[in-house]
Amino acid sequence: MGNWIINNGFTSFMLVVWMGINIFLFVWFYLFYDLGDQFFYTRHLLGSALAWARAPAAVLNFNCLLILLPVCRNLLSLIRGNFVCCSRTMRKQMDKNLSFHKLVAYMIALMTAVHMIAHLLNVEWYNNSRQGVYDELSTALSNLADTDNTTYLNPIRTTDLDPQQIPTYFVFTTIAGLTGVIITLALILIITSSMEVIRRSYFEVFWYTHHLFIIFFAGLVFHGAGRIVRSQTTTDPPHNATFCKDRIQDWGRIPQCPVPQFAGGFPQTWMWVIGPMILYICERLLRLIRYMQHVTYRKIVMRPSKVLELQLVKSGFKMEVGQYVFLNCPSISQLEWHPFTMTSAPEEDFFSVHIRSAGDWTDKLIDIMKNLPEGAQGPKMGVDGPFGTASEDVFDYEVGMLVGAGIGVTPFASILKSIWYKCIVNIFSSVCLVQIYFYWLCRETYAFEWFVDLLQGLEREMEERGLGDFLTYKLFLTGWDQNFISLFSLFCLISSQDTDVITGLKQKTQYGRPMWDKEFEQVRKENPTSVVGTFLCGPAALATVLEKKCAKYSDMDPRKTKFYFNKENF
């Protein structure tokens, strides 16, 4: 448990606070509507469904306030920059923005379901009371109205339709009902299209459908304007519901029982969401300004492994290691933006990205670049960023374990390049990092091609400057079957080459998946008193394994090795 607290303690504390606020809001508003004297007559018509409808609405307001903040990338980068002087634990919370965004979305979905079911029951009971199905008090309350029809209790005012059709008519003709239908449908589409299988296979469907959040928030702001939940207002003399509920015939005839009057509550949802909406609008305006800034191509390289390298130049662009940008190509889509980690170093006068074929958008971009005349500029490219990631903190640790899977090596290309430049200009002593362990997992040999030149240059530079032990790297080929591995290993034993047959590096390529217990044990043994930052850019399954290993091999003794897990999230 102590080891787990090192990596997850503060995050868990934040989640407990968030859940505590949700529970508090639910209980507070449930009791407010279930016990409040002003809702005595409303509860007589609706029973406990009143409280079950209003309590989730309060939780919805709180979570709709939060849902936009984790996707305000510029705001998060600004906050992350201000936390530079704070602990790495505080900065790590910024890297969990999408996980928190999803968690808030799940809460919104749950509360929407409870709220909707309760209100569907409320509409049915309102209609039954209007038709005189229940007791005399319910009928009397439903028939109340003044000359302007403003102080009524029962919001169903229509009586000239088939009673079976009135609930449907009410839902689709009132502000509260119609906006409720619209935002519920929008939410269903947003959530279903966000499922992993759809997001991975049909990203464009996910992207376009997700922008129904505009309709969702617009409907949310106007939803409360219907004021269908009404409470008793103060009259002169006051109407005592406890005394007058059994004296319906005396209402308006005796001073103790004036005719009760009712009013809908003031809409409050807009007060919860207006701040985040303004922040998000500013976010989108900033993205628009960045989109309009001119971007030129320094070099376009098509790698044999279906990886496109773009070297771009943009005025005033400044980056840090491991950061990412969003790219937009209007020739493919005016609206779609896709994230890519930069593979260049801050010391270079350009920034580069490596784009693997992984969907319709990337396939179209690669086709466009393939068909360009030699030396020609590519299509207009919009660039938004850079944005901070967990990899920015790599130089704040004494030891770094960098794990990349496939194209997930891109943030570490930036880090290793930056190390290479620091070695050249002799400023490497200014950083905290004293040791790097680099692991790269690939399925096929050709995937090594574009990255090998960087490793070879770094290997030579480290040896020339007496830093040969600084970088320990291991390349793992995971896509070959066991028979081919055995045959190839025999060939390598017979070969007299000092370098690896596949990569040309001194470090031999290994086959199969790493034995992580062995790797972590080795790192802990070689660094018995260090703080180790473990950084992953790869699949969720591998993240689960590495996070468990970080907890397993961390020591609560502050004088011994501690592992901190960090994962890239887009």
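Note: Cβ is positioned from N, Cα and C throughout, glycine not excepted.
Nobody curates TrEMBL annotations by hand; they come from automatic prediction.
Annotation comment: TrEMBL describes 281-393 as domain 'FAD-binding FR-type'.
For 12-31 (among others), the entry in TrEMBL reads transmembrane segment.
According to TrEMBL, the transmembrane segment annotation covers 51-72 (among others). Beyond its flanks by at least six residues, the transmembrane segment (51-72) meets 21-22, 25-34, 97-98, 100-101, 104-105, 107-108, 111-112, 114-115, 118-119, 122, 217, 220, 229, 268-269, 272-273, 275-277, 279-280, 283 of its own chain at Cβ-Cβ distances under 8 Å.
Taken from TrEMBL, the feature transmembrane segment covers 100-121 (among others).
Summarising the annotation, TrEMBL assigns transmembrane segment to 169-193 (among others).
According to TrEMBL, the feature transmembrane segment maps to 205-225 (among others).
Annotation source TrEMBL lists transmembrane segment at 270-289 (among others).
What TrEMBL records for 419-440 (among others) is transmembrane segment.
Residues 15, 18, 22, 46, 49-50, 52-53, 56-57, 59-60, 63-64, 66-67, 70-71, 180, 184, 187, 190-191, 194 of the same chain sit 6 or more residues outside the transmembrane segment (100-121) yet have a Cβ under 8 Å from a Cβ within it. Tertiary neighbourhood of the transmembrane segment (270-289): same-chain residues 61-62, 64-69, 71-75, 217, 220-221, 224, 326, 337, 384, selected by CB-CB distance under 8 Å and a gap of 6+ residues from either end. Helix, strand and coil content of the domain 'FAD-binding FR-type' (281-393), in residues and according to DSSP, is 27 helix, 39 strand, 47 coil. For the transmembrane segment (169-193), the residues of the chain that approach it from at least six positions outside its boundaries are 105, 108-109, 112, 116, 119, 123, 126-127, 155-156, 158, 161, 199, 205-206, 209-210, 212-213, 215-216, 219-220, 222-228, judged by C-beta separation under 8 angstroms.
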